[in-house]
Amino acid sequence: NSVILLPALSPSPKVQGTHPDCSIILHFQKQEVECLERIRSENQTPALPGQEGCPTDWDGVSCWPALPLGQSRAVACPDILNVFKKSKGLIQRNCTEWGWSLPRPPYHRACQLEPLGSNDTETKARHFVTMKVLYTCGYSTSLAALLLAIGIFSCFRKLHCTRNSIHIHFFTSFILRGTAVFIKDSILFSDESIDHCTMSTVTCKAAIAFFQYSVLANFYWLLVEGLYLQTLLLLTFTCDRSYTWGYILIGWGVPMVTVGVWVLTRLQYDNHGCWDDYSSLYWWVIKAPILLAIFVNFLIFLNVTRMLAQKIRCPDLSKTHKQQYMRLTKSTLLLIPLFGVHYVVFALFPKHVGVDARLYFELVLGSYQGFLVALLYCFLNGEVQAEIRRNWGKWQRSMESNVFNLATQDFTA
């Protein structure tokens, strides 16, 4: 028996912007289309008498051209699989009177790939389902807490001020982020039959763009919180509303412009998939402004700490003012490093490094950030607690007075 050696078909050039996990799938899909086209072409050509053998066959990995009966053919491992492990193995199939034989040795052995058993697949599936349940609970808890906090700041007139107005904008950015996550999940992951590697609809792109806007708004309203805190310390608690529109432009305007530039860039140069590929160079249009906001916030963190230490040491400052400084600064000084550190760490590492830790921090722990913000800025705020107690006492006295008046009317009647 003669053996015919075929070189592995070289993979098509990788389209810029294709998700790394999808490049392999797209490569095999293209090879399958080409192989099936060859099969259709051969079927339309009548076979000559005496030319018995095996027709062209696609086995899911390689295309095996037609072969005369009794001969063998060998192909090399597809080059695209070398991203996992370099291998020069050969896979062989024979043309027998019963048709093509099974590949020898199997692909996973010849190409030195780890076979993924059903248990591994089920374990990974359960892992992602558990993670989705956790971050769904986290975002739901955060949304409920943030809506309650906004209601508290809006209902009590005494809490209406520039500081709490900025808090409300900050809370709203977290509400948008949680909503964007639920919208993105409903569009991208609601149907298991969806091919995420080839999906490229306006709806999924809009969902990703909205999600990126909410993330940017998150970081820039945290930056506004830091800028406002520094302004308060510089102006010694002067209530100045002239900066409000500037804060709004920073918090909502900068993310809007950034996402607009990113969308136009993707449409012009990299309009592939659902724009959720973080390996694209154009991803830096989003990542760079976020890193800039974190860096500026870190500088504010250092400056505010220095200013606070100076003011607390000042002998002319009253105890009331010292307590006021401490109350205003402790929440923001906690949030600035808390929200920025993990993003900087993960931004400096390749996407394939620490995938599980990245998912846990960004999805699970990140989903509870809104709850933490509401807790620090509203529920643990002494001013808010005092106002709630005052109105609760006022309501109780009003109810007791109404009950007394009703009892008195019944007695006199």
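Cβ atoms are placed via backbone N, Cα and C, with glycine included.
Database features (TrEMBL):
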| type | residues | note |
| --- | --- | --- |
| DOMAIN | 34-115 | domain 'G-protein coupled receptors family 2 profile 1' |
| DOMAIN | 131-381 | domain 'G-protein coupled receptors family 2 profile 2' |
| TRANSMEM | 133-154 | transmembrane segment |
| TRANSMEM | 166-183 | transmembrane segment |
| TRANSMEM | 219-237 | transmembrane segment |
| TRANSMEM | 244-264 | transmembrane segment |
| TRANSMEM | 284-304 | transmembrane segment |
| TRANSMEM | 332-353 | transmembrane segment |
| TRANSMEM | 359-380 | transmembrane segment |
Counts by DSSP class (helix H/G/I, strand E/B, coil) across the domain 'G-protein coupled receptors family 2 profile 1' (34-115): 20 helix, 23 strand, 39 coil
Contact between the transmembrane segment (284-304) and the transmembrane segment (244-264) (at least 3 Cβ pairs under 8 Å, separation 6+): yes
Best-contacting stretch, by C-beta pairs under 8 Å, relative to the transmembrane segment (359-380) and drawn from 133-154, 166-183, 244-264: 133-154
Surrounding residues of the transmembrane segment (166-183) on its own chain - C-beta under 8 Å, 6+ positions past either end: 135-136, 139-140, 142-143, 146-147, 149-150, 153-154, 207, 210-211, 213-215, 217-218, 221-222, 224-225, 228, 247-248, 251-252, 367, 369-370, 373-374, 377-378
Long-range environment of the transmembrane segment (133-154) - Cβ separation under 8 angstroms, sequence gap at least 6: 160, 164, 167-168, 171-172, 174-175, 178-179, 181-182, 363-371, 373-375, 377-379, 384, 388
Overall pLDDT of the domain 'G-protein coupled receptors family 2 profile 2' (131-381), taken as the mean: 82
